[in-house]
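What TrEMBL records for 12-33, 39-61, 73-93, 99-119, 126-147, 167-188, 219-241, 253-270, 301-321 is transmembrane segment.
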Amino acid sequence: MNKAKLSKIFHTHMMEIILLVICIVIAFMAPGFFTVPNILGILRSAAFKGVIAFGMTMVIICGEIDLSISSTVAISGIIAALVADSLSAAGIMSLSAGIVVGMAVALVVSGGLGFFVGFIRTKFNIPTFIITLAMMNVVYGAAALLSKGFPLTNLPSWYNVFGAGNVLGIPVPAIILIIVFVIVHIIMSYTTFGRSVYAAGGNPEAARLSGVNVTKVKILVMVAVQVLAALGGIMCSSQVMSAAHNFGKGWEMDVIASVIIGGASLNGGIGNVKGTFIGIIFLGVLLNGMTLMNVNEYAQYIVRGGLILGAVLINTIQVAGRTGEK
């Protein structure tokens with residue numbers, strides 16, 4: 001194999017190579033890293049933000065951003081718990097049946113939030129950065145009001161399965177992560193809608209001229225990320241068997257970082273869910289490795305931030321090289 005081919009392989013799979021190197025380094029410094037329980041633990045912990053990251057991939061490819069997903073994580077669990085408790089208290093149905101209705105309501109409400117953001121974005125041409133920043137504060141406030149500032153814990157025991165359950169030894173959150181990955185990958189790679197998302201993000205005007213309903217596409221991707229944020233919130237709530245108004249704080253940064261590390265461009269039109277999956281695992285391995293090596297909690301922020309910045313810079317250079325940007 002000549003140098004040109006090696007260079008191409010390295011350039012194409014740089015993030016995978018970096019991830020492998022980090023795994024090897026951590027394995028030498030923390031012998032318990034390459035064990036089945038630990039690897040499954042990484043998948044479980046990465047799944048909560050990971051399902052949201054796949055939705056964020058669609059949003060960023062479409063040339064938009066959503067900073068409000070963290071607040072949706074919080075309010076979705078609260079809505080599910082409140083609906084279940086209310087239906088049970090009224091004698092309409094059992095708590096176990098009520099939580100199913102509650103989860104459905106949480107997903108629908110979150111989809112409605114996404115529709116609202118998309119509508120405001122396309123109707124008034126206000127940047128989604130501004131809309132979702134405002135939305136995040138509104139929704140966090142609503143979550144605190146609904147929960148009265150206290151965790152909600154009246155949940156049926158089986159609810160725990162979404163965040164802490166296992167099927168044949170595999171964590172349920174990891175299974176959900178894989179299912180969402182496959183669905184979003186198929187949508188983005190093999191459907192007309194997926195091609196429309198790329199077109200709307202790459203060149204909206206050209207997309208309109210070619211018959212793409214850019215308004216509809218932008219609204220739908222905002223709905224998608226909000227629904228997946230609600231799913232992540234339900235999984236999070238399920239894991240700890242409670243719902244609180246401060247769940248999801250800061251998640252938006254890790255979610256966006258996963259997408260950018262995976263090769264997406266904030267300018268839109270570039271990215272894929274396979275790359276995002278690598279980004280999700282990268283962050284999961286990083287956090288797990290530092291914990292196993294007993295890295296100081298505050299030092300973890302420095303190391304994590306530096307490595308994320310480095311990974312983002314590498315992928316930005318890769319994207320620029322592929323697109324001919326300067």
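For all residues, glycine too, the Cβ spot is worked out from N, Cα and C.
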Looking at the transmembrane segment (219-241) and the transmembrane segment (12-33), are there 3+ C-beta pairs under 8 A, with each pair at least 6 apart in sequence? no
Could you check whether the transmembrane segment (73-93) and the transmembrane segment (126-147) come into contact, where contact means at least 3 Cβ pairs under 8 Å with the two residues of each pair 6 or more apart in sequence? yes
Find the member of 39-61, 99-119, 253-270 that has more C-beta pairs under 8 Å to the transmembrane segment (167-188) than any other listed stretch. 39-61
Give me the stretch from 12-33, 39-61, 99-119, 126-147 with the greatest number of Cβ pairs under 8 Å to the transmembrane segment (253-270). 39-61
Do any residues of this chain, six or more beyond the ends of the transmembrane segment (126-147), have a C-beta under 8 angstroms from a C-beta of it, and if so which? 59, 64-68, 70-72, 74-75, 78-79, 82, 113, 116-117, 120, 222, 243-245, 252
